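Enquirer: Structure provided below as structure tokens; questions to follow.
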Amino acid sequence: MAIQKRVLVAMSGGVDSSVTAALLQQQGYDIVGVTMQIWDPEVTVVGDDYVGCCSLTAVDDARRVANVLGIPYYVLNFRELFTEKVIQYFVDEYFQGRTPNPCIACNRFIKFEALLQRARQMGFDYIATGHYARLGYSEEFQRYTVKKALDDKKDQSYVLYGFTQDQIAHTLMPLADYTKDQVRGIAKEMGLPTYSKPESQEICFVHDNNYRNFLDERSQGGIKPGPFKDLAGNVLGEHKGIPFYTIGQRRGLGLATGERTYVIDIDPDNNVVTVGSEEAIWGTELIASENNFILFENLTGPQELEAQVRYNSKPSPAIIEPYGEGLVKVTFKYPQRAITPGQAVVYYQGDYLVGGGTIEKTIKQKN
């Protein structure tokens, strides 16, 4: 008789991770549920209505699901590591005039590194999450791979480009071939109490998505206002502080220029936010750092692929090529709107996730 494979399921208290646990249990795995405590509940739980993935409500919901499934359930403390790798990164990036993606940092350092390491120490064969992406092994590439989920609307491959081969080999994502409606239907049919729970659109550690207050509380010496300038260097008004702006932003500038005005550059060294017309926020080339590749070990020459510059956009034809030590130059066939330093650029070959990196700068803009 084959020995049951043991799986540690990351349960956020939402419907996706609930159904992940249920499906794997049905498939015969030996399941244990776990919620990662990544933020101080005394700070996070501002009101009874807060249901973020690290709230006490989320822990209660995950425990209720575990009880329905009859599986063991634990809460593991990752608060110190999360503060260092995600929260401090989030704060530092904004104060450097960049726009961070904390979900990618969390996946890279917490879920698929620290949790997998802990799972191995506890004797588990795999970890599992409620992400929508297809993991597997390709004979063609002779590598473990990540592909887009069946449901384009829910595909989360963009935030998974940091995967290593070892991590893919020891991670299960059983929702890859389901739609969200189907997942809710499974949860309802199985009597899981999270079947109708709404999706959280917030940054999990920022209550009410009010990141301005969050940053203000963590600023050293306070957030300083400074000048809005146009491309000619003329002062147009006063901004409220570098961390409150992102490339392509139009709302909330408080400028009366007589035309639609957008943030086109942020200079943290001189505390200047440059604004201009929409035309100035389109670019065709960028430089990316901290690149990771999944389909191959290293990028050795130019490749024609598709690249995506933000989570909710679509991949667009591009050429990626090495650009100095550790950097990649991405040249798009068509101009991209508001290429934003700090965000991820992710590379695709059809449905395959090739890899990705962090946008450092745009090096050419549309004229």
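The backbone N, Cα and C atoms fix where each Cβ goes, and this holds for glycine too.
On a predicted model such as this, the values are computed, not experimentally measured, just so you know.
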Enquirer: Check Swiss-Prot: it lists Ala10, Met11, Ser12, Gly13, Gly14, Val15, Asp16, Ser17, Gly130 as binding ATP. Then name which of Met36, Met190 it lists for that same site.
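Expert: According to Swiss-Prot, the candidate sharing the ATP site with Ala10, Met11, Ser12, Gly13, Gly14, Val15, Asp16, Ser17, Gly130 is Met36.
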Enquirer: Please report the DSSP secondary structure of Cys106 (disulfide bond), reduced to three states.
Expert: helix
Enquirer: Which residues of the same chain, at least 6 positions away in sequence, have a Cβ lying under 8 Å from the Cβ of Asp16 (ATP binding site)?
Expert: Gly130, His131, Tyr132, Leu175, Val183
Enquirer: Return the residues near Ala10 (ATP binding site) by Cβ distance under 8 Å, restricted to its own chain and a separation of at least 6 in sequence.
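Expert: Result: Ser17, Val34, Thr35, Met36, Lys111, Leu115, Ile127, Ala128, Thr129, Gly130.
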Enquirer: State the count of C-beta atoms found within 10 angstroms of the C-beta of Ser12 (ATP binding site), not counting that atom itself.
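Expert: Other Cβ atoms found within 10 Å: 24.
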